[in-house]
Amino acid sequence: MLDVLSITSVIFLLIAVGRFVVWRGIFDASGMRVLGAYVVNIALPCLIFNALNSSPIAEIFQPGYLIAFAAGSMITLFGAYLISRKVLGMTGMESTFQGLGMSCANSGFVGYPILHIAMPAIAPLVLAHNMVVETLMMLPLVLMLAERAQNAHLTGRRLALQIGKRLAANPIIWAMATGILFSLSGLHLPGPLAQSADLLASSSAAVSLIVIGGSLGNLSLRSINVKVITIVAGKLLIMPVIMAVVAFSLVNSGLITVAPDMLTALILSAGMPTMSLIPILALIYNAGEEPGVALALSTALSFITISLLLWGLGVTG
């Protein structure tokens, strides 16, 4: 267990640094937004590009991992949406964000740093696979549900165009496309550009944790309610179980093959806290403050749940 704590303590010490610099006024909320924009628009795209461009595409992509991660994520999303809508009586928008909060992990800001320490050999590859599912499948599904809840008149082509515009502006999409193109064509960046991309990519883990720590200032006990608790419990406790059941069922039935280390990373990825994009989307769709509070609370509590998950999976770095 001490080996496990040596992994999570590094991560959460950096998160604590982020909280400290905001508390001391070294950075304010706007400064944290700038750092977050740097990670999302520059550092993470470089990391994903490097992961996809590092080897021939046939050697990189593991279809079994993608299928299992996509299936587990979709079951969690639509299960949470239907229970919130039909059983708990929430609105379409509230149910959408309940599903988003439970099914989409913070793969870039928390997941990658954890994997970078715990499973460094496959961390960039796992991030690339997770981002493919979350960015190309899960995010469009969530946007479709949110747009339908906000604009019931949007259907068919207009709905697709609305979602397409949002996705086309995402630099991670462009990083994926460019990385795959370079891998298929055999092209490589010139030396200075490649080294610059490496430096930017290597900065993503530390800076992202500082940003997450800074966001914890939004956490207040008075703002925690049933919606928040449901999201946090669903994300940290229920989704890893769903992902494990789905993955082992698919593997044992012979439908997919997943390398043992990638299977471990798959379950570990499912146990990460709620994705960092959720408060931004909540602001866009007027979904209230609960999604942002759920992000902060799930991040704070994930020190315990991730430590237990690492221990249960036998990952000691």
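Numbers run from 1 along the shown chain.
Cβ coordinates come from backbone N, Cα and C, glycine included.
Beyond the ends of the transmembrane segment (6-22), by six or more residues, the same chain brings 28-29, 32, 110, 113-114, 117-118, 206, 209-217, 299, 303, 306-307, 310, 315-317 to within a C-beta distance below 8 angstroms of the stretch. Annotation comment: TrEMBL describes 6-22 (among others) as transmembrane segment.
Taken from TrEMBL, the feature transmembrane segment applies to 34-52 (among others). The list of residues near the transmembrane segment (34-52) in space but at least 6 beyond its ends in sequence, with Cβ under 8 angstroms from a Cβ of it, reads 27, 60, 108-109, 112, 124-125, 127-128, 131, 171-172, 174-176, 178-180, 182-183, 197-198, 200-201, 203-204, 207-208, 210-211, 214, 276.
The feature transmembrane segment is assigned by TrEMBL to 64-83 (among others). Remote same-chain partners of the transmembrane segment (64-83), defined as residues 6 or more beyond its termini with a Cβ less than 8 Å from a stretch Cβ, comprise 95-96, 98-104, 129-130, 132-134, 137-138, 141-142, 145, 234, 238-239, 242-243, 246-247, 250-251, 255-258, 262-263, 266, 269-270.
Residues annotated as transmembrane segment in TrEMBL: 95-115 (among others). Long-range neighbours of the transmembrane segment (95-115) within the same chain, counting only residues 6 or more positions beyond its ends whose Cβ lies under 8 Å from a Cβ of the stretch, are 7-8, 11, 14, 39-40, 44, 47, 73-74, 76-82, 84-85, 122-124, 126-127, 130-131, 134, 138-139, 142, 145-146, 149, 204-206, 208-209, 211-212, 227, 230-232, 234-235, 238-239, 265, 268-278, 281-282, 285, 287, 290-291, 294-295, 298-299, 302, 306.
Only residues 6 or more beyond the boundaries of the transmembrane segment (121-146), in the same chain, are considered here, and those with a CB under 8 A from a CB of the stretch are 47-48, 50-52, 54, 60-62, 65-66, 69-70, 73-74, 77, 81, 92-93, 95-97, 99-100, 103-105, 107-108, 111-112, 115, 159, 162-163, 166-167, 170, 172-173, 176, 179, 261-262, 265-266, 269, 275, 277, 281, 285, 287. Summarising the annotation, TrEMBL assigns transmembrane segment to 121-146 (among others).
Summarising the annotation, TrEMBL assigns transmembrane segment to 167-187 (among others). Within the chain carrying the transmembrane segment (167-187), a Cβ under 8 angstroms from the stretch's Cβ atoms is held by residues 40-42, 44-46, 48-53, 55-57, 60, 128, 131-132, 135-136, 139-140, 143, all 6 or more beyond its ends.
For 199-221 (among others), the entry in TrEMBL reads transmembrane segment.
Among the features that TrEMBL reports, transmembrane segment is placed at 228-251 (among others).
Long-range contacts of the transmembrane segment (263-285) within the same chain: residues 36, 65, 68-69, 72, 93, 96-97, 100-102, 104-111, 114-115, 118-119, 122, 126, 130, 134, 139, 142, 146, 149-150, 211-212, 215, 218, 231-232, 235-236, 239-240, 242-244, 247, 251, 291-292, 294-295, 298-299, 301-302, 305-306, 309-310, 313-315, each at least 6 residues beyond the stretch ends and with a Cβ under 8 Å from a Cβ of the stretch. Marked as transmembrane segment by TrEMBL: 263-285 (among others).
Within its own chain, the transmembrane segment (292-313) has Cβ neighbours under 8 Å at 1, 4-5, 7-8, 12, 15, 101, 106, 110, 114, 118, 212, 215-216, 218-220, 223-224, 227-228, 231-232, 235-237, 240, 264, 267-268, 271-276, 278-279, 282, counting only residues six or more beyond its boundaries. Among the features that TrEMBL reports, transmembrane segment is placed at 292-313 (among others).
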